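*Asks:* The feature active site, nucleophile is assigned by Swiss-Prot to C101, with sequence analysis given as support. As annotated by Swiss-Prot, active site, cysteine persulfide intermediate applies to C197. Residues or ranges marked as ATP binding site in Swiss-Prot (evidence: sequence analysis): A7, M8, S9, G10, G11, V12, D13, S14, L33, G125. According to Swiss-Prot, the disulfide bond annotation covers C101-C197, on the basis of sequence analysis. Positions annotated as site 'Interaction with tRNA' by Swiss-Prot: H126, Q337.
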Amino acid sequence: MATIVVAMSGGVDSSAVAAMLHEQGHNVIGITLQLYDYGIAVGKKNACCAGQDIYDAKMVANKLGIPHYVLDYENKFKESVIDNFVDSYLHGETPLPCVQCNKSVKFRDLINTAKELGADKLATGHYVRKINGYNGAELHTGLDTTKDQSYFLFTITREQLEYLSFPLGGFTKYETRKLASKFGLDIADKPDSQDICFVPDGNYKTVINKIRPEANTSGKIVHINGFELGEHSGIINYTIGQRRGLGIAYNEPLYVVKIDPSNNIVYVGQESALHVHEFIIKDVNWLADEIKDHEKLAVDVKIRSTRPPCHAEISKLCNDRIKVKFLSKEKAVAPGQACVIYAGERVLGGGWITSNIS
């Protein structure tokens, strides 16, 4: 049997994975990352990697009789994820910290730690599938489409994918909870994490203001036709597609359609101004063969984790950039979010949406 490190967040998914692999006879080692201030985390519910979660992971490991280690990654998490999150908002973007965490902290460092422990693989509780294809491992969506997490894993490398294991890829959430209950785990009915783990009560502005007090610099709210409508209290308070809380009066509904951080301006317009035909993504990571120069490829893309995939055509630009052209216009494409590229259920790759949107 294999030696397998399980990334244990303290939730039902990773706990069920640890129990399942242990029952199969594998040598299981649990690792939990402490990612942010333990004082803030204590008693905080529905968040990943909180103080209660670390305790829950330890209790599951004790019940299973497996080794369990808690690694303090608070400083690295702040540098790689929280600071990036704050700067992204100041640049007029809508950040995606869970993907940055997977890329910069969880997978890279957990894999290194697992290898140092002599493990054959690292297992997680993500709802995705790894399928052995003709040219190596492929990342596919989870069978439970309501829980599929492939959107958040597009930054893993092909080499990392070979080492990873996703035992829940063929499970539904209901089946996972039943499995945890069968193993007698107290967390079988624990609610799923909802918040960004380092954002108390979902109020991200508190985090930004603490790190960048200058973030609330006021500026103009301007209609896309050029006339000024009012004043905003800081661009961090706005995101593309936002309608509520604009604080301006107009004869029809207005939406945030563009944020100009250089001039500290929030642009608003009618809903029709949100519809996008094409845009550019940068820092593209490929989990399949890279698209060739001058090639146009028909694919499906996801521009938000909560949206279904839509049909598009992609073509290669220079400097690891890809042009994405929708077959039908889509609404509210936000810089800073991810665009993940699919061929059916397979993840081909993905990148970060830039401000080059038309």
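Just so you know, glycine gets a Cβ as well, placed from its N, Cα and C.
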*Asks:* Translate the DSSP assignment of L33 (ATP binding site) into the three-state scheme.
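*Replies:* Reduced to three states, the DSSP call for L33 (ATP binding site) is strand.
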*Asks:* Which recorded positions (S9, L33, C101, H126, Q337) fall within 10 Å of the residue listed as 'active site, cysteine persulfide intermediate' by Cα distance?
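*Replies:* Correct set: empty; none qualify.
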*Asks:* G11 (ATP binding site): which of the recorded positions C101, H126, Q337 is the nearest Cα neighbour?
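*Replies:* Going through C101, H126, Q337 one by one, the closest to G11 (ATP binding site) is H126.
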*Asks:* Using D13 (ATP binding site) as the reference point, find which of the recorded positions C101, H126, Q337 has the shortest Cα-to-Cα distance to it.
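*Replies:* Considering only the listed recorded positions, the nearest one is H126.
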*Asks:* Would you kindly give the Cα-Cα distance separating Q337 (site 'Interaction with tRNA') and S9 (ATP binding site), rounded to the nearest Å?
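*Replies:* Q337 (site 'Interaction with tRNA') has its Cα 24 Å from the Cα of S9 (ATP binding site).
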*Asks:* Which of the three DSSP-derived classes (helix, strand, coil) applies to H126 (site 'Interaction with tRNA')?
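*Replies:* Where H126 (site 'Interaction with tRNA') sits, the three-state DSSP reduction gives coil.
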*Asks:* What is the separation, in Å, between the Cα atoms of H126 (site 'Interaction with tRNA') and A7 (ATP binding site)?
*Replies:* 10
*Asks:* To see if you understand the setup: which same-chain residues, six or more apart in sequence, place their Cβ under 8 Å from that of the residue listed as 'active site, nucleophile'?
*Replies:* L35, F77, S80, V81
*Asks:* Using DSSP reduced to three states, classify C101 (active site, nucleophile) as helix, strand or coil.
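*Replies:* DSSP assigns C101 (active site, nucleophile) to helix.
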